[in-house]
């Protein structure tokens, strides 16, 4: 595909190149990623329905988990439809549409960064201060944290989008990614994007490194607390759960940090797309499995839901 400049004319749309350099795999990719998208929606919807329908799951840990699942559904849905379109035909998106996609995806991803930190802190309180936990994480506290994470995401990315919206784009209009990636998007501006870039860098450092540091600190203290428990099945289960949670969290935060805090670390655009898949597709796919893997309460609620559905089908 030839990339051409449009000169000094203001462009009205962008072309998302996606995986344009391997057209022979487009149909296979379409099938695979459609299946993955369906699994993401179903897996996360089951978690939400289980938490809403089961009185036993009306606890902070599960309220946070349901919100995480909702975030995963929304921000994956902000990206994947255009990616799937690119496997079948040339995917175009208007400048306004690109701004909207970046705002929705960025806001939800920022909210997820903050929510993951809240979830780690919640587990720290539950494990290290079990007697005081009901007071430390009461209904007003955990609902306030949920609302704060959502609002913070939209406020932070709303500021960035307001700055980007002032830029002028006059070509080229090709984005070598499967979604409107911020760095590539503002890199195409023919007006000075430095204010938007510096602002994004500062906000990214704040919204990524601080929550990630809180997560690492929380899990470190959890590990110390677990080490005091006599060796046995419960201790092994706790370590297994912590390690699986950290694996998902590290993948999510690590790829975002590479993109928005140290973008020069990615020298290959193909590698950039692979990293993008990790936090746009892989993490939302595995979050429901990882966070409910050893949870009997969630398993019981899910079995109840599936049995009800099966009974209704038979009737």
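Keep in mind that glycine also has a Cβ here, set from the backbone N, Cα and C atoms.
In Swiss-Prot, the annotation transmembrane segment applies to 141-161, one of the ranges 78-98, 141-161. For the ranges 179-198, 199-218, the feature annotated in Swiss-Prot as transmembrane segment maps to 199-218. With respect to the membrane, residue 18 and residue 164 are recorded by Swiss-Prot on the same side.
If you look at the transmembrane segment (199-218) against the transmembrane segment (101-121), you find at least three C-beta pairs under 8 angstroms, all six or more positions apart, and that counts as contact. The stretch from 57-77, 101-121, 141-161, 239-259, 273-293 that makes the most Cβ contacts under 8 Å with the transmembrane segment (28-48) is 57-77.
By the count of Cβ pairs under 8 Å, the stretch nearest in packing to the transmembrane segment (239-259) among 57-77, 101-121, 141-161 is 101-121. Against the transmembrane segment (141-161), the recorded stretches 57-77, 101-121, 273-293 differ in Cβ pairs under 8 Å, and the greatest number is found for 101-121.
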